[in-house]
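Taken from Swiss-Prot as is:
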ACT_SITE  D170  active site, proton donor
ACT_SITE  Y263  active site, proton acceptor
BINDING   4-70  NAD(+) binding site
BINDING   R93, N147, R283  substrate binding site
BINDING   C169, H200  Mn(2+) binding site
SITE      E109  site 'Increases basicity of active site Tyr'
Amino acid sequence: MKKFSIVVAGGGSTFTPGIVLMLLENLDKFPIRQIKFYDNDAQRQEVIAKACDIIIKEKAPDINFVYTTDPETAFTDIDFVMAHIRVGKYAMREKDEKIPLRHGVLGQETCGPGGISYGMRSIGGVIELVDYMEKYSPNAWMLNYSNPAAIVAEATRRLRPNSKILNICDMPIGIEIRMAEMLGLKSRKDMVIRYFGLNHFGWWTDIRDKKGNDLMPALREKVAKIGYNVEIEGENTEASWNDTFTKARDVFAIDPTTMPNTYLKYYFFPDYVVEHSNPNHTRANEVMEGREKFVFGECRAIAEKGTAKDSKLHVDDHASYIVDLARAIAYDTKERMLLIVENDGAISNFDPTAMVEVPCIVGSNGPEKIVQGKIPQFQKGLMEQQVSVEKLTVEAWMEGSYQKLWQAITLSRTVPSASVAKAILDDLIEANKDFWPVLK
């Protein structure tokens, strides 16, 4: 059985140890001969890499492990790139969240002006990774779960249309794990779903068990009462996420024929979100004080002790979808998965060039979309507005256009007026001068 070589792009990420543990747990399904880390921040990556080196030696000593800041070393002789980069790190995420809040607009990592700001930083970084992969390992595939996935996917469609890149998001998976728990199922894989939308902007339209029984009525009853707020074993859910999962019941009420993605909260209830935000302490601060501190602390402890035996780092079970996706490509498994792909008729009454999130059958040639047919006017109207925000953002990046970025922010449902959009944009330009292209 062939053993694979992978590079994790974003080696210094707080998610990297959990992903490495998940890969090591799945070696029977997806054998690995080599794991490489690549990051452009050597110091940050080193802390994570030293710990992962020990973890790999203890759990799978035959795997060759390399960490580097050199693209040629990282991207030569690989089968898969697993990409989760955050250009500007959490310090810039904090600005993405706090700048809009100063103007009375919600501040969120991937939604509204904050998401647009993050997108403008991410495009260049992801395109650079695609180019390294194609230069040094032209037969490799990139599994990209870098945020904001919608803007990144549109950018790769426009700028690298023939590249072997699969854009995927774990949020629907996280919600499906909760749905399965609510329905008393062993796994989300016991459900067969139909879903359509854009990334962080979609709806489940049909959920059945493997025998074809409709699970939507039972789910509707529960979601109408508690949203998606259920206890998941081994998952430590922070207060801000509990609020999001509970608020899903209000999002659901707007169209009870479907099940919503939780991110719709930011578009339907922006006033509520602003009211419940602390402009001086946002989600970025929560992450820096919580997960970032914990992961880096644990990694330093592993390096000091020389063993990971008592480590509290845990497997990122969520991330097992990455193995499912890699296996689908490697072994032609025809796995059914939600991916972000060019619409091209999957949603018959929607822009064929839009990057939509729909179920696909994935094999060694990539994804084949499952047609979702016509979508209702309500969702279509919302999606046309949102996809225009994403397309204008990518055009603004490509053309260095201030005008188009102002239009993109103005068009976001989260922003009340063009004058507020302009004020936010001017502040974001100042904050991002080391990261964005120059806008004229």
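Cβ from N, Cα, C; glycine included.
Here the features listed in Swiss-Prot are placed on the structure.
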{"residue": "F4", "record": "NAD(+) binding site", "contacts (Cβ under 8 Å, 6+ apart)": "F30, P31, I32, R33, Q34, D79, F80, A326, A330"}
{"residue": "M22", "record": "NAD(+) binding site", "contacts (Cβ under 8 Å, 6+ apart)": "V315, D316, D317, A319, S320, I322, V323"}
{"residue": "N40", "record": "NAD(+) binding site", "contacts (Cβ under 8 Å, 6+ apart)": "T69"}
{"residue": "A49", "record": "NAD(+) binding site", "contacts (Cβ under 8 Å, 6+ apart)": "G11, F37, F65, Y67"}
{"residue": "R93", "record": "substrate binding site", "contacts (Cβ under 8 Å, 6+ apart)": "R86, E109, G114, Y118, R283, A284, V287"}
{"residue": "C169", "record": "Mn(2+) binding site", "contacts (Cβ under 8 Å, 6+ apart)": "Y145, A149, N199, H200, L338, I340, E357"}
{"residue": "Y263", "record": "active site, proton acceptor", "contacts (Cβ under 8 Å, 6+ apart)": "T110, C111, M171, H200, F201"}
Whole-number Å value for how far D170 (active site, proton donor) lies from E58 (NAD(+) binding site) (Cα to Cα): 28
Cα-Cα distance, maximum over R93, N147, R283, record's substrate binders, Å: 15
Integer Å distance between the CA atoms belonging to D170 (active site, proton donor) and S13 (NAD(+) binding site): 16
For F4 (NAD(+) binding site), the three-state class that DSSP assigns: strand
Number of other Cβ atoms within 10 Å of the Cβ of R283 (substrate binding site) across all protein chains: 20
Distance from N147 (substrate binding site) back to D170 (active site, proton donor), taken between C-alpha atoms, in Å: 11
S13 (NAD(+) binding site): tally of other CB atoms within 10 A of its CB: 24
Winner by Cβ contact number (other Cβ atoms within 10 Å) across the recorded positions E58, E109, D170: E109
For C169 (Mn(2+) binding site): DSSP state (helix, strand, coil): coil
